[in-house]
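Accompanying notes for the structure given below.
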Amino acid sequence: MALIVQKYGGTSVGDTERMKNVARRCIAAQAAGHDVVVVVSAMSGETNRLLKLVSQITDRPNEREQDVVVATGEQVSIGLVALAIQAQGAKATSFLGHQVQIVTDSTFAKARIKRIEAERIVEALKQKHIVVVAGFQGQDEQGNVTTLGRGGSDTTAVALAAALKADACEIYTDVDGVYTTDPNVCPAARKLDRISYEEMLELASLGAKVLQIRSVEFAMKYKVPLWVKSSFSDDPGTLVCEEDKSMENVVVSGIAYEKNEAKLAISGVPDMPGVAAKIFGILDAQNIVVDLIVQTASRDGKTDVSFTVGKTDLSKAREAVEQVAREIKAGGVETDSDVAKISIVGVGMRNHSGVAAKMFQVLSQEGINIQVISTSEIKVSCLVQSKYTELAVRALHTAFGLDKPSTVG
Ligand code: ASP
Ligand code: MG
C-alpha cells in the first residue's frame, strides 16, 4: 500500500462532470489499495475572474486583501470534489490551507511554504477518507490567508507529498506529459517518458508552463518523484526525477521559446568601471528582472550594452535606462519587442562538446540572425527576431534528433 498525492488543475475540475471524473479517479486509486490525498485548483477561469473583480475596485490592490479574495476559488473546488466522492460511495473530507495547516511566510500573493502540520490529514487517512486539500493557499504565522502565486497548487501538492513522505506525487493536467517542445509549434514534438529535475526547472523557467517552477524546486530538494499526467487519458505520463547515467546520453532533451521578452540596447556607453553596476542597479531598484545581457568589445573607449527584460517592464525599463544614459553620457537607447528567445536544454551538454556550435549552425542554415547568446551548464539560449520562432524551434528539434518517428500515411 502506498500513499499517493494527486493534484488536479483547473481544467480537470472545470465543471461538475469533470469533478465527478476526478472523484472516480481518486476512488479507483483508493480501491487499488492506496491512501489518497488530492489537491485541487480553482475551476478553470475562476482565479482570473476573481483577479478581475479586484482590478475593478483598484489597480493597486493591497495584497493581503487580494489573497483573501483569490483564495476562495479553491474552497469551492474542494467542497464539490469531496461531495462528488461521497456521492460515489466513498468517504471524503476537505481541508482548506489553514485547516491542514500549511504555514507560509507573509509574502502575500507569492508566499513560500515554511512547514506543514499534517496531523488532521494523517488522522483522516487512517479513517479511510480520501482527503481533498485546497491548492494555492496557506496561512502565515499570524493566521492571515496567503496564496502561493499563479500555478501554486502544484507546489501545494509537492509540499504535501514531501511532508507526508508520499510514495508518489501525480500532477493531473490537460496534457499527457512533458513534451520535447510545444506541440502547437512543432507537430513532431514527442512526449518524454522521463526528465531530470534540473532540466524541468530550466524548461519551466523558460516558459514551458506545465509545472510551477517552485514545485519543481521543492520536488528536487526533497527528492519527490513527480508524475505529470492527463486527467483525460490513461497514458502513464512523464516522470520528473533525479538524473541518472542514461539521461546524459541525450544531448538535448527539450527546446523552449519565450516571446515575452523585449530587448533594450544602449549605444556608446563609456567603457569604465561602475557603468554596468549603475545601469543594472537602477533596473534592480525598480524590481525589473533582467535576463540576457551582452556588452560588445570596446572601441575608442565606448561599448554597446544590450539586454532583455519582460515585455510588461519595457516602458518602465526604457525610462530608467534613458535617464542613466544621459547621466553617463552614452549615445542613444533603442528598444525592440519583436524578439523571441529560443533555448535548448539538456543535462547531456555537460559532457558533450560542440552543442552550442551546432545550434548556431542550424540557425544560420535557416538564415536566422542571432542577436544575443547566453549559455549555462545545461542550456544555450539565442535571441532572434520573433517571426522566426516556429522555424527555429522546428529546425533545432529535427537537428538534435528529437522528432518523433514519422508515421506512414
Ligand atoms: N488557482 C490558482 C491559479 O490559477 C492556482 C493553481 O491553479 O495552481 O493560479
Ligand atoms: Mg497549472
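Note: Cβ is positioned from N, Cα and C throughout, glycine not excepted.
Copied over from TrEMBL, here are the features:
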BINDING   K7, Y8, G9, G10, T173, D174, Y179, K209, V210  ATP binding site
BINDING   T47, E74  substrate binding site
DOMAIN    264-347  domain 'ACT'
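Feature annotations (TrEMBL) mapped to structure.
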residue: K7; record: ATP binding site; contacts (Cβ under 8 Å, 6+ apart): V38, V39, V40, S41, G135, S153, D154, T156, A157, C169, E170, I171, Y172
residue: G9; record: ATP binding site; contacts (Cβ under 8 Å, 6+ apart): S41, S44, S153, I171, Y172, T173, D174, S231
residue: T47; record: substrate binding site; contacts (Cβ under 8 Å, 6+ apart): G10, S41, V70, G73, F136, R150
residue: E74; record: substrate binding site; contacts (Cβ under 8 Å, 6+ apart): V40, S41, A42, L96, A134, G135, F136, Q137, S153
residue: Y179; record: ATP binding site; contacts (Cβ under 8 Å, 6+ apart): A189, R190, K191, L192, G254
residue: V210; record: ATP binding site; contacts (Cβ under 8 Å, 6+ apart): I171, T173, V175, V178, A204, V228
Discussion item. Averaging the per-residue pLDDT over the domain 'ACT' (264-347), what integer do you get?
Written reply: 94
Item to complete: Reduce the DSSP letter at T173 (ATP binding site) to three states and note it down.
Response: strand
Item to complete: Using a 10 Å cut-off, grab the number of neighbouring Cβ atoms around the Cβ of T173 (ATP binding site), all chains included.
Response: 23
Item to complete: Kindly point out which of the binding-site residues T47, T173, Y179 have a C-beta less than 6 Å from some atom of ligand 1.
Response: T47
Worksheet item: Among K7, T47, E74, Y179, V210, the binding-site residues in the record, which have a C-beta under 6 A from ligand 2?
Response: none
Response to the item:
Once DSSP output is merged into helix, strand and coil, G9 (ATP binding site) belongs to coil
Discussion item. Per DSSP, what is the helix/strand/coil residue tally across the domain 'ACT' (264-347)?
Written reply: 29 helix, 34 strand, 21 coil
